[in-house]
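J.: Dropping the structure in here first, questions after.
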C-alpha cells in the first residue's frame, strides 16, 4: 500500500481541537454539556475523523460514547484488545484540550499507521467518552462507567437545571436508555487501557519537560464541616469570651495547609468557606467549610486525614466550638501498571527526552477502566502556568507532536509484549 502524506500530527491535532471548540452551549465561551446539540455535534465530528483516519468500525454506544476500532485483521476479532481515550464533554467556560487531546491524538496515530499500511497484533480502540465532568446531571464518569459495564442506572432519573431527566435527554438524542447496561465495551478481551491527557498542572512546565509518565491517579476524600459557635455583638463581647466559628475555621484552613505539605503527592484544599447569614457587626456563630484531601497512596491520604481529625477536634475543644462532619466522597487511588509505566519511560527516552514520573492529582476516566483492566497514562505539558478548566488552557504543537510520537513508540513496544 503506498504511503500517504499527512500534515504533522501536532498541527493536525490542534486544528481538530480548534474545530471542536466551535461547538459550544454558550456563544461566548466553551461549554459542552452532556447530550446538548453542541455535544452531539462534537460526537459526529469525532466519528467522521475516525472513519477518515482508517478505523475499520466506528459506532456510538447507548450513552453516546464514540468508539473507533482499528482491527489487527480487518473483519475479524483479535484475541486481545487495547483501548485508549478520554472525555469530550467540558466544564463550564473550559479549555479545548482537557479530555479531547486524549481522543484526537490516538486518532492521528491510527491515521499514520493506516497511511503506512501497518497493523497491530491486537484490536485497538479509541474511545471518546461522552461524559466525565458531571456538568449537566451531576454524575461523573458516565461514559467510562458504561464502557466497563459499571453504569448506575439510577443516574438516568437525575434531572438537569431545566428539569429534563437524563433518560429523556438520551431519547431526544436518539439513544435507548434501556440498552445502557447491555452495550458495554468488549472488556473480556481488554488487555490494557492507556490515556493521554494534559497535565492540568505546572510540574512538567516547571521542569522544562514536554511529557511525563503518570505513576498513580490520586485517591480523594471530600468532607463538609459545620462549626457551631456562639453569635454575639461584635462590639460588646470581649475577645477572650468569644466562641467565634470563623476563627476556628481559619485555624482549620491553616492546619490543612500545614499537614498536607508533609507528604509526597499529598494535597489538601479548603475550597468553600462560608459564614451563613453573616453580618459585619456580628461574631460568626456558624461556619461551613469543605475539605478535599488527595494522594497517590491511600495510606498516605488516610494518615493525613487522621491527623487532621485530631487537630480539628483540638481546635474546637479549645475554642468551645461544636463540630459536625459529613463525608461526601471517598475514591481510592489508582496505581498505574508498572510494566506499562516502564514502556512509557522507554518510549520517552527513545525520543531523547528526560523521563519524569509524577502522580495525577485530578481524576480521569482511567480510574473507572482500572476496575476491569491494567491502566497507564501519559501527561502532556500545559502552558500558561499549567492552568486547566479555563479558557487559558493551552498546549503547543511541538509538545503534541512529541506526545504522538511517544504514543506510537509505546504502542509498538506494547505490541511486542502482547504477541
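Each residue's number is its place along the chain shown, starting with 1.
Any Cβ shown, glycine's included, is placed from N, Cα and C.
Note that this is a predicted model, so its numbers are computed, not measured.
From TrEMBL, here are the annotated features:
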| type | residues | note |
| --- | --- | --- |
| BINDING | 87, 98, 197 | Zn(2+) 1 binding site |
| BINDING | 98, 133, 389 | Zn(2+) 2 binding site |
| BINDING | 222, 281, 294 | allantoate binding site |
| DOMAIN | 225-315 | domain 'Peptidase M20 dimerisation' |
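Each of the listed features needs to be described in terms of its position in the shown structure.
T.: Around the Cβ of residue 197 (Zn(2+) 1 binding site), a 10 Å sphere holds 26 further Cβ atoms from the protein chains shown.
DSSP classifies residue 389 (Zn(2+) 2 binding site) as coil under the three-state reduction.
Taking the Cβ of residue 281 (allantoate binding site) as reference, residues of its chain lying under 8 Å away and at least six apart in sequence are, in sequence order, 233, 234, 235.
Mean pLDDT, taken over the domain 'Peptidase M20 dimerisation' (225-315), works out to 97 on the 0 to 100 scale.
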J.: Around the recorded Zn(2+) 1 site, report the further residues of that chain (criterion: Cβ within 8 Å of the mean position of the Cβ atoms of 87, 98, 197; site residues excluded), sequence-ordered.
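T.: Checked against the 8 Å cutoff, the neighbours are 86, 97, 99, 100, 101, 102, 132, 198, 364, 365.
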J.: Taking the Cβ of each of the binding-site residues and counting other Cβ atoms inside 10 Å, which one has the highest number: 87, 222, 294?
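T.: That would be 87, with the highest Cβ count within 10 Å.
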J.: Could you check the binding-site residues 98, 133, 389 and say which one's CB has the fewest neighbouring CB atoms inside 10 Å?
T.: 389
J.: Out of the binding-site residues listed (133, 222, 294, 389), which are within 10 Å of residue 87 (Zn(2+) 1 binding site), Cα to Cα?
T.: 133
J.: So around the Zn(2+) 2 site, 98, 133, 389 aside, which residues have their CB within 8 A of the centroid of those CB atoms?
T.: 90, 91, 94, 95, 99, 132, 388
J.: Per the record, allantoate is bound by 222, 281, 294: how many Å separate the farthest pair of Cα atoms?
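T.: Value for the max Cα separation, rounded to a whole number: 37 Å.
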